[in-house]
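J.: Heads up, here are the entries from TrEMBL:
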- A:77-258: domain 'ABC transmembrane type-1' (DOMAIN)
- A:333-523: domain 'ABC transmembrane type-1' (DOMAIN)
- A:32-55: transmembrane segment (TRANSMEM)
- A:76-100: transmembrane segment (TRANSMEM)
- A:112-132: transmembrane segment (TRANSMEM)
- A:144-163: transmembrane segment (TRANSMEM)
- A:175-192: transmembrane segment (TRANSMEM)
- A:240-259: transmembrane segment (TRANSMEM)
- A:293-316: transmembrane segment (TRANSMEM)
- A:336-359: transmembrane segment (TRANSMEM)
- A:371-393: transmembrane segment (TRANSMEM)
- A:399-416: transmembrane segment (TRANSMEM)
- A:460-482: transmembrane segment (TRANSMEM)
- A:502-523: transmembrane segment (TRANSMEM)
Amino acid sequence: MPASSDLRVDAVIRYDEPTAAVPVVRSTRTPWYVMLAAILLAALVVAPVLVVFGQATSAGSAEASRLLFRPRTAELLRNTLLLVALTVPVTVLLGCGAAWLVERTTLPGPGIWRTLLLTPLAIPAFVSSYAWTSMLPSVQGLGGAVFVTALAYYPFVFLPVAALLRALDQGHLDAARSLGLTGLGAMLRVVVPLQRPAVAGGALLVALHLLAEFGVLQMMQYPTFTTAILQQFAVGFSNAAGSLLAAVLVVLCLGFLVVEVPLRGHARIARLGPGSGQRPVAHRLGAWTVPALAALAALVGLAVMVPAAIVVRWLARAISSGAVEAGPLLAATGSSIGLSVLAGLAATLAALPGAWLLHRYPSRLAAVLERVTYVASALPGVVIGLALVTLAVQWARPVYQTAALAVTAYTVLFLPRAMVAWRSGLAAAPTELIEASRSLGVSGLGTFARVVLPLVLPSALTGFVLVFLATVTELTATLLLAPTGTETLATAFWSASDELDYVASAPYAAAMIALSAPLTLLLRRQILDQR
Amino acid sequence: MRRRTFLTGLGALGTMGLVGCGSSKSDGEYVADPGSLQVYSAQHENLTKAWVEAFTAATGIKVQIRKGNDASMGHQIVAEGSASPADVFLTENSPAMTLVERNKLLAPLEEETRRQVPANLTPSSKAWTAIAARSTVLVYNPSKLPKADLPKSLMDLAAPEWKDRWGCAPGGADFQAIVAGMLAGQGEQKTKDWLGGLKTNARALQNNIATMKSVNAGELPCGVIYHYYWYRDQAGTKEGSGNTALHYFRNQDPGAFVSLSGGAVLAGSKKPAEARKFLAYVTSKAGQQVLVDSQSMEYAVGTGVTSTPALPPLNTLQAPPVDPFTLNSDKVTTLMTDAGIL
């Protein structure tokens, strides 16, 4: 790898872009191995989608349309869309309301509330659904599903909105007020447009999670595409009927991704003039302090405290009745941790070529490869699982029923988490250091290993942990792909709670919460980092 | 400081990796031990284990169990084809077995083994044998559904007056076996109509236990399940069945369907002699007594073995005469898909 030519190009481009805050190092020559790796990984991520469509049409178009255009599909479509239409607005309301109270008012103890409001992320939705149904069997159907999923998923809206509100510049509001707008007017004209991308992004995340949700809806006896696909798999393996439903789910998913773009808006609000932004002035709550505190307490109580308390109660019963078997619990914890470590490592490694490409050799192709990763990873676990079963049984029999296949699914599903972490890490590695290293004659790979890697490893570790935690509570792909005889915490919990054995499920639920709890602290940093 | 945090993180990562790899190897993924007989079992785990332990104690032959459920394990064996490591296949219901049989993956059964089970409990094809049996029942809540108002036939439940008044678990292999029995006995049209009635009238629950518990809680007046869920709960805490009673349809009604759990040797078995020995043991008096003692509450099918006394004897149930070989799971799946149930 001759380093000099790269450097010459870099220098020219740098002089061409004197205003760029961070000089972007571009190269006309992308290392072929990085490009190849990135392309192969993008292909791996897209393969499941192609397989699902292939399998769906395998029975011929007449059979496919017979299976597709039937009342059941309409029923599932209606159920799925109704769930999304009801839950998403509730999460937006809860997320934005809570974020405003915490970041923009004189609410006492914002630091504590910020943490508490994120804790629902530590309790898998199917665990809180189990907790509620075990105490109140009437929490069921659409109502129950909206109740449980809204409480479980509002942090997806809260997190980005709180981060943006925290970064809000009071100068914008002051300017609006000085131009004659009322307080409310300033809010509507300045704050709301600024929040649009955060709200739209959060709502999209909630919608995608709802499409993928299985555990909660099965417990609530509310059939959607995902539950119907798993049911078809149970009776017919990877047949055309199941794959067709999966294909519809893929289309829905892509539809949401497209709809989100205009909702996000194109408004860009920038600061002009010298100085740094001002911290926003907090709204005085006054007499509203107590109701606000009560509302937040109720939210956290319903979303976290009550489900956690119920799990603890069942756990206590399990321990006192001697129903906790250490052997299976340890085995499940072991396979969960084992699979999650492998998934974390695989996804972290797999995300590197793409992130590296974007960082060092930005091009249209690199951007497309990155987008592709995101789109495919927005697909529900059940679709990826079904596709990989089909793929393995038809073309790669030896990997069928191996942990490798499950790890592949996790990698496809959680790649963006690792990608985001790498990108923020690479952004922190100044290009000057890379150039210095290259100018000292160190090769591209050598520079990566000796200069870049030590600087970005903390971020990579964050990515690893995010993938690890997501894998611990992954249920649907695991149900389809875990090698027979391997129980993870999620599947062991599921088989016990599916038989409504609340006592036997409790230890697994508690173990998942214990493993997931650190996620909250990790994400809390993301809000704080905004300042 | 930052460096130290990072190093601690790396250390933790390394430890987790080690722990993870270690444990995933120890319990982990299925690797067929060439020294052991491979039993693919969709039967209840406890019962399979009890059989295997008693068999190994009696013969010294080592056995490895691969656990699964009826439909996916049946399809898995078909997918694995002749390369399947399976020597023996045990099911909960017969449709999964006939799926494998129709793919010509079963070895013919020995005369002696077949003779350990009454002739009416073996399929005409003689490719596999019953190893246990379970009966369809209607579990009902007498406070919501007086005994006098009980339906005379399972077919009645499709009538308009039963709208929203019963439940079942149509997604499971258990219920699909019942429908397969109906299809064999009543023909396609009647089954189709009945499934249409099910779609409008019944609440679909996730499994038999959920069905029984809903009836027990009074949410539904009655539900269609297999008998042993009820008897197991009755033998235990009665938490899920204390408010309920069982109704047997009898009279060769489709609702009196008795489902057979099957056992077979696979044509591709690398240990055919041991595999045949295993099935011979499971259907023998000793093997069937293991089933009775396991408290699984399933019916024993071996000649000369009495099932758990709590159960009404199998020959008093007046089950409809059905050749288990004719049970067609794929057709049932199609009919249920067409009816909008799946």
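Every residue, even glycine, has its Cβ placed from backbone N, Cα and C.
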J.: Out of A:76-100, A:112-132, A:175-192, A:293-316, A:336-359, what stretch is closest in contact terms to the transmembrane segment (A:32-55), meaning most Cβ pairs under 8 angstroms?
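T.: Maximum Cβ contact count belongs to A:336-359.
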J.: Based on Cβ pairs under 8 Å, which of the stretches A:76-100, A:336-359, A:399-416, A:502-523 lies most in contact with the transmembrane segment (A:460-482)?
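T.: Between the stretches A:76-100, A:336-359, A:399-416, A:502-523, A:336-359 has the largest tally.
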J.: Which residues of the same chain, at least 6 past either end of the transmembrane segment (A:336-359), have a Cβ under 8 Å from a Cβ in it?
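T.: The answer is 30, 34-35, 37-38, 41-42, 44, 366-367, 369-370, 373, 403, 406-408, 410-411, 414-419, 421-423, 426-427, 448, 460, 463-465, 467-469, 471-472, 478, 482, 488-490, 511, 515.
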J.: Looking only at residues six or more beyond either end of the transmembrane segment (A:502-523), which have a C-beta under 8 A from one in the stretch?
T.: 115, 118-119, 121-124, 127, 130-131, 134, 155, 159, 308, 311-312, 314-315, 317-318, 321, 323-324, 329, 332-333, 336-337, 462, 465-466, 469, 472-473, 489-490, 492-493, 496
J.: Per the 3+ Cβ pairs under 8 Å rule, pairs at least 6 apart in sequence, do the transmembrane segment (A:240-259) and the transmembrane segment (A:371-393) touch?
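T.: The transmembrane segment (A:371-393) and the transmembrane segment (A:240-259): touching, yes.
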